[in-house]
Every structure is written in structure tokens, then in C-alpha cells.
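Q: Structure in C-alpha cells, see below.
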Amino acid sequence: MASGGLACVKYLTFFCNLLFALTGLLIFLVGGMVQLNYAHYSNFVGDHIWTAPIILMIVGAAVAVICFLGCCGALKESSCMILSFAILAVVIFLFEIGLGVAGYVKHSDLQPLMEGQFNATMRHYKEREDYRDAWTLLQTELDCCGTYGPNDWEVIYPNKTLPPACCSVINLSEAKECTVVHATQSGCLHKLLGILDSKTLLLASVVLAVAGIQLLTILFACCLYRSFRRSYDHV
């Protein structure tokens, strides 16, 4: 029979494991939400940056699987399962910290990276249909035009006309085509950057909250492992 202290640590570890599993689900849902709602902007951000939501989903699923091991170890009083859980949890914890640090470091490079992507997609606007569709969607959804403004399209449209998506409303009595005069004056780069900044803040908040719960769970798991080992040594 387990002592009262051992039983307390065991059930606290089990409870923290459930919280750990919920944090994994939260990470998975946040990554899925970002991927689902903003993946169509990937042409303007870069594929290697846009893999972050997918990585979060993988980490969230891994956390849920690891928690199953921890819960079973706590209920069955298996020191081997608890030790395996603690090691895997530490690996996930360190990976999340590394991901957060990398995201913070890379965040300062996001604007020049996006500017390069904006220029590349605009340069090949007429040749590639996927770029045309991406620009149409971006300018329509964010109510913007060009990278920094409608004048950016002069390289593509030397006759002063612009993509129709730059003009949300055209008065047909004034003009039949979208021009700089009728276009939305706001550029798309800063608008999209603002959206990504807000989502980055959300992801950072989630990771910090999750890391705190995970660290607490790891500490309880280590205490439980030591208690199990002491119980076995006394038998």
C-alpha cells in the first residue's frame, strides 16, 4: 500500500498530467487555427516560416500521447513509465523553449523576408496564376493595394491601371478601370505584418502558459519517481 504522502503525489501527478494533456490539445488547436485561417497567405511569408503552425500541431499531438504514458505510470505506480514520461516531457519542454527562442530571434527578420516575398510574387504576377489569386485574395480580404501602396503596381501596369482587387468600389461614371486615384491607398505589407504580430503574441502567451504547467508536471513526476523507488527499496 502506498503511504498518504505517496498517494497525494501520485494523484497530483495524475491531475497535472491531465492538465498537460489539455495544454497539448490547446497547442494543437492554436496551430490548427492559424494554419486553417491564414495558410493562404503563405506566398507572402515563406514556406519555412509557415511550417511553425504545423510544428505546433505535431508537438501538441506528441504531448497528448506522452501524457497517456504519465497517467498510466501514476495509476499503476510504475517507476519505469514515470521515468520515461519525465524524460520525454523534458525533451518536449526544451524543444518548445528552443522553438520560442528561434521565433523571437527570427521575428526581427520577418519584415525584410516578407518584403522579398511580396516583391517576388509581384514580379511574376502575370506569369503565375497562383500569385494572381494570392494577391487578389490578400488585397480583397485586407482592403489594401500593393506592398506599400498602389504605386507599387506601376512596374506591372505601366498604363496606370491596377488589379481590380485594389478598388473596392469604382464609380463607373468616373472610370471603367481601377486606377491609383480610385485604389485603396493602404499597402498590404504592414497590414499582414500586423496580423502576424498579433498571432505571434497569442502563440507566445500560449507557449509560456503551457511551459509553466509542463514544468510543474515534470517536477511532480520526478517526485513520484523518487517515491516509487524508495517504496521498492523498502520492500
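Even glycines carry a Cβ here, placed using N, Cα and C.
From TrEMBL, for reference:
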DISULFID  Cys145-Cys167  disulfide bond
TRANSMEM  12-34  transmembrane segment
TRANSMEM  54-75  transmembrane segment
TRANSMEM  82-105  transmembrane segment
TRANSMEM  201-225  transmembrane segment
Q: So which residues does the transmembrane segment (12-34) touch in its own chain, when a touch means Cβ under 8 Å and the partner is 6 or more beyond its ends?
A: 52-57, 59-64, 66-68, 70-71, 74-75, 82, 85, 89, 199, 202-203, 206-207, 209-210, 213-214, 216-217, 220-221, 223-224
Q: Given the disulfide-bonded residues Cys145, Cys167, and counting only Cβ atoms in the protein chains shown, which has the most within 10 Å of its Cβ?
A: Cys145
Q: What same-chain residues lie close to the transmembrane segment (201-225): Cβ under 8 Å, and 6 or more beyond its ends?
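A: Distant contacts of the transmembrane segment (201-225): 6, 9-10, 12-13, 16-17, 19-20, 23, 26-27, 30, 34, 52, 56, 63, 70, 73-74, 79, 82-83, 85-86, 89-90, 92-93, 96-97, 99-100, 103-104.
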